[in-house]
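> This is the structure I have questions about; it appears just below.
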Ligand SMILES: Nc1ncnc2c1ncn2[C@@H]1O[C@H](COP(=O)(O)OP(=O)(O)OC[C@H]2O[C@@H]([n+]3cccc(C(=O)O)c3)[C@H](O)[C@@H]2O)[C@@H](O)[C@H]1O
Ligand SMILES: Nc1ncnc2c1ncn2[C@@H]1O[C@H](COP(=O)(O)OP(=O)(O)OP(=O)(O)O)[C@@H](O)[C@H]1O
Ligand SMILES: NC(=O)CC[C@H](N)C(=O)O
């Protein structure tokens, strides 16, 4: 049986940085070759980054991607890597964009993969199944490919596929069986969701059974706006046995030797299969480089606990947002409460304490413990701590305008927002906003006040999960003999906005352990009033909560982006009209 040494390059590309991404392919192909690899795989749309959204409609961008692909093939050969077959995702087009006046049927932009070898592009493949749900809009951008590309590599027939091709039965994997391939390569831009790693392995196993072939699944890693890619690249044999699996949330080179069946069919030519053509690329059998002196370093990484996984996702999402947008540092308000404490701890883990500024912004309603807890957090984490009292500025407003009630509450939050934005303008920090998913759901925040900011690391984190994360992070620090970053009293105290005397969140909202399950059912599960009541929730509370959620759409539409960790994050996953008279309770 032929054996191929595969190198799955789980890397972190940047959207729009075509030259930088091509540089990554060159650097990691070198590492793959040094490890003796005979085939290197890179993620979906590696050259452009993923997703590129409406950049697909820019002809200059498509042209740049295509040019970069050919230059990359030549550069790899010039680097002495011409012998190594390299599979790389790129943006292609065989016609004008579908949205343009001169669009042609069945032609247009393509989510593509190319095999580079000997200084040239030797085979290409166009993604067949286009995801068009959740955060994905690929029917808006791409035309579906109708041919499965098969390439002979080292005596083995290998099929090329892209991400969603794996998520649907039928199509490329069924056709791969008809083509009699020994290995299917699947390159991905598959964003993280809690529990998705539990779905992926069974899914890859099902497709291996469908194709009757081994699968090499490579995913990207890193943050892109609201998405974070977790990697989780893996190799499964034709029987569904997991051979190797990469760690999540870090760049990783997964190298593994895989025994594969020898090819049976003649090279070249086209056949018609059930719902796709089979195109056997017109390259004679790609001769393999001899395995180098490198050692195959594959292994199987065990999944980690949910809290650890989410923490890593949030850290990476934040770090990549800050770094890829070239911010030197971040600033946030420290209230002594749990949300700002968790965001501060995430920021310190993501960027290091020197790049995090925390500001205590006390008013006349701020309790002594809120100031002390903010200071204690700063001491434990080592972040740059400042104090900016807001009362003189609030008093100036009140001396010049006649304001009362909630307006005065909101005024305090807005003065804090103005101060944080002033520090951002003056010193260049990105402002982090701290509203959790429960608050966003019910609109419990002040517009242009505490919701001010450029990025929200906890936007998709329910309040009850915020507490669990805080406890996990502290316990993890203790396990490692380090100082837990979050003061115990920030975790234990009842949540309060401290905008009026003695105010508690529970004055305006149900307790979070009652609120969150209703929100999870309504937002994540799309349950209606009846479904929520049938699952045991108090009808009066359900009515109140649903009304709050429905009338807060305008706030969410203006909210900062933040890392998606759930199957339904606010934003692209959940699109609702702002002007909307539909109410679940009639
Ligand atoms: N459909 C719509 N489309 C566009 N804009 C709309 C709108 N409906 C109202 N508005 C605008 O929004 C304004 C009302 O929103 P906003 O000014 O934010 O104020 P509002 O939502 O009335 O009050 C904020 C609430 O959040 C609480 N809060 C504030 C800060 C922090 C926390 C915390 O614990 O985290 C809680 C605070 O105690 C208060 O209950 C209206 O005056 C109007 O200008
Ligand atoms: N006294 C304060 N000093 C600094 N920042 C504050 C202060 N009060 C509120 N903030 C900022 O506004 C955000 C909203 O705070 P608020 O206390 O109103 O609600 P919260 O949702 O309970 O948040 P937290 O748990 O962080 O207190 C805080 O996370 C913090 O960033
Ligand atoms: N880029 C894609 O095709 C991703 C879609 C796929 N369902 C995933 O989340 O992995």
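Cβ coordinates come from backbone N, Cα and C, glycine included.
Just so you know, TrEMBL annotations are computer predictions that nobody has curated.
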> Taking TrEMBL at its word that 333, 334, 335, 336, 337, 338, 339, 340 bind ATP, choose the one of 241, 433, 434 listed for that site.
434
> According to TrEMBL, 133, 190 bind L-glutamine; which of 127, 196 is also listed for that site?
196
> If TrEMBL says 410, 555 bind deamido-NAD(+), which of 388, 439, 530, 584 does it name for the same site?
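Looking at 388, 439, 530, 584, the one TrEMBL places in the deamido-NAD(+) site next to 410, 555 is 439.
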> Based on DSSP, tally up the residues of the region 'Disordered' (477-506) by helix, strand and coil.
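Output for the region 'Disordered' (477-506) reads 10 helix, 0 strand, 20 coil.
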> Counting across all protein chains present, how many other Cβ atoms fall within 10 Å of the Cβ of residue 163 (active site, nucleophile)?
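There are 27 of them.
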> Cβ within 8 angstroms of the Cβ centroid of 333, 334, 335, 336, 337, 338, 339, 340, 434: which residues besides those meet this for the ATP site?
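Apart from the listed residues, the neighbours are 332, 341, 343, 344, 374, 490.
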> Listed recorded positions are 44, 163, 335, 337, 434; which sit with C-beta under 6 angstroms of ligand 2?
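Going through 44, 163, 335, 337, 434 in sequence order, those close to ligand 2 turn out to be 335, 337, 434.
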> Looking at Cβ-Cβ distances, which residues of the chain lie under 8 angstroms from residue 333 (ATP binding site) while being 6 or more apart from it?
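The answer is 340, 358, 359, 360, 361, 416, 420, 434, 450.
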> Measuring C-alpha to C-alpha, could you say which of the recorded positions 163, 335, 337, 339 are within 10 Å of residue 44 (active site, proton acceptor)?
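Those close enough are 163.
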> Near residue 337 (ATP binding site), which residues of its chain come within a Cβ-Cβ distance under 8 Å, counting only those 6 or more away in sequence?
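Same-chain residues close to residue 337 (ATP binding site) (Cβ under 8 Å, separated by 6 or more) are 370, 373, 490, 493, 495, 496.
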> For residue 127 (active site, for glutaminase activity), write down the residues of its own chain that are at least 6 apart in sequence and whose Cβ falls under 8 Å from its Cβ; none is a fine answer.
44, 110, 111, 112, 113, 138, 142, 144, 145, 161, 162, 163, 164, 165
